[in-house]
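Feature list (source: TrEMBL):
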type	residues	note
DOMAIN	136-460	domain 'Kinesin motor'
BINDING	GLY219, GLN220, THR221, GLY222, THR223, GLY224, LYS225, THR226	ATP binding site
Amino acid sequence: PVSGEDAVLASEEAVEEQPALEEGVVEAEAAVAGGEGEALRSFLEEFGDQADDCIIPSPRLKGIATPDCPAALQFLGARYNSLMEKHNSLMEKYEQQVAKCAEECAPRFDGLKNKYTVECAERRRLYNELIELRGNIRVFCRCRPLSSDEISRGCSSVVEVDPSQEMDLQFIPTEKERKTFKFDHVFGPADDQEAVFAESLPVVRSVMDGFNVCIFAYGQTGTGKTFTMEGVPENRGVNYRALEELFRISEERSSSISYSFGVSILEVYNEKIRDLLDDNSEQTSKRLDIKQSADGAQEVPGLVEAPISTIDGVWEKLKAGARNRSVGSTSVNELSSRSHSLVRVTVTSEHLVTGERSRSHMWLVDLAGSERLAKTEVEGERLKEAKFINKSLSALGDVIAALASKNAHIPYRNSKLTHLLQSSLGGDCKTLMFVQISPSSTDSGETLCSLNFASRVRAIEHGPARKQVDPAENFKIKQMAEKLCHEEKENAKLNESLQLMQLKYASRENVFRTLQDKIRETEQACRTHQQRVSKRFSSACLSKPAELISMYFPMLVCVYDSSICTG
């Protein structure tokens, strides 16, 4: 079949050659009419009256001897032009039918497309909620493009990324082998920094709501870990964009919440912690170690925490930290990271209405390359660095395996790196991991190791994240809880005393009632006795007054007798 573009080109060429072809046909017919060219005469008699869509076999055309062959070709050209005209008319009808079909189906297609988009967004929202409830670590896979050097060496791609299947990645080391890996999102070589950060945005925003957040990049040297995390001035990575988003949210919520930010930058080099923001000449002798705070988080006493208030200040701090980071040349990369770089952003917030305070951290981690020693081809100091890097990454693998298996003991303290990331990997933290891979067939072994490691990380469940409260606020709450507990104990004692008093009061009430009854009985007896005495006295006064007087009033008798004597 002839495509529409080829048909148009052929028709244009046919129009240009039309006069010459018509002239050739006229000459061929004139030659036949003059009795010349018996082979051409038989050819025209056989094929001249055929249908327009007949096919002329090439062997018959080859059978025409010179000089009749040019005339036959001219005749075929005329027939071709006729067929092309019919083809063009059919193409016009076809295009009209396609346009009509598109016009009729476009609204339905747009409706289905909108429904599909809405369903995808809802599915992603529900999936993110499920991940948060289960406490899984989100894993994003990013594949860099083949370099010009790899293309010149004839390297092929062992990775296939289908944009319509954003969670699937096909690993194809050979034509017969194919393995599918599933992640929370897969970024192909065509995805830029903006697309990568757009998927990371929900996790980044969580730190402004009081949650601890950790984002780290894992993979072999040369796969773009530092580019994803730091980027370059004209195309910045997750670190800068995340802090830019934090300042934007802070400005947006400034009417109700007050935010303050601090940044610390450190590296784990040869199992030692180095402060990359400390410009002191004695920095190398300064020993930094990991301590556990009262709230269970990992802290590094003595680590510089620089306050930041503008995004330009952030970039200056990040550049200062990058300049002080340990790098070296290997066979894989001229500027290979020889340490694990960690940026810690501290966000302190206070709600202006309720007074609620929170203090959360965001860790941005660029791990050193995970390739094997044989691939780096290093020796001396670089070999020592590589051994420490592999030791810490091996410890990270042990922690991941223990968490995935839900072991009772998790070996966090086997490495400074895993000890620092303890609350991020197994605590109440929202964690996002970028696994960076190379599509080159020469790196297929390292790529497979990285993909397997990322799959194990994705299987970890450490429970839902917990909102962090400012330690000062925690101390106040703790004091209030202790005071409340003390007051409850005092109230319990008072209640016991009150119950005892009530019992005593009830018993005294009973005694009081008994006494009152006795008093009433005594009073009644007294009244009865008084009545009897009164009756006896009255009767005695009437019968024997002198005797009664002498009996009850002897003094009066004496006085009476004395008065008689004196009288």
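Cβ from N, Cα, C; glycine included.
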Most Cβ neighbours within 10 Å, among the binding-site residues GLN220, THR221, THR223, THR226, goes to THR223
Of the binding-site residues listed (GLY219, GLY222, GLY224), the greatest number of other CB atoms within 10 A surrounds the CB of GLY219
Counting every protein chain shown, other Cβ atoms within 10 Å of the Cβ of LYS225 (ATP binding site) number 27
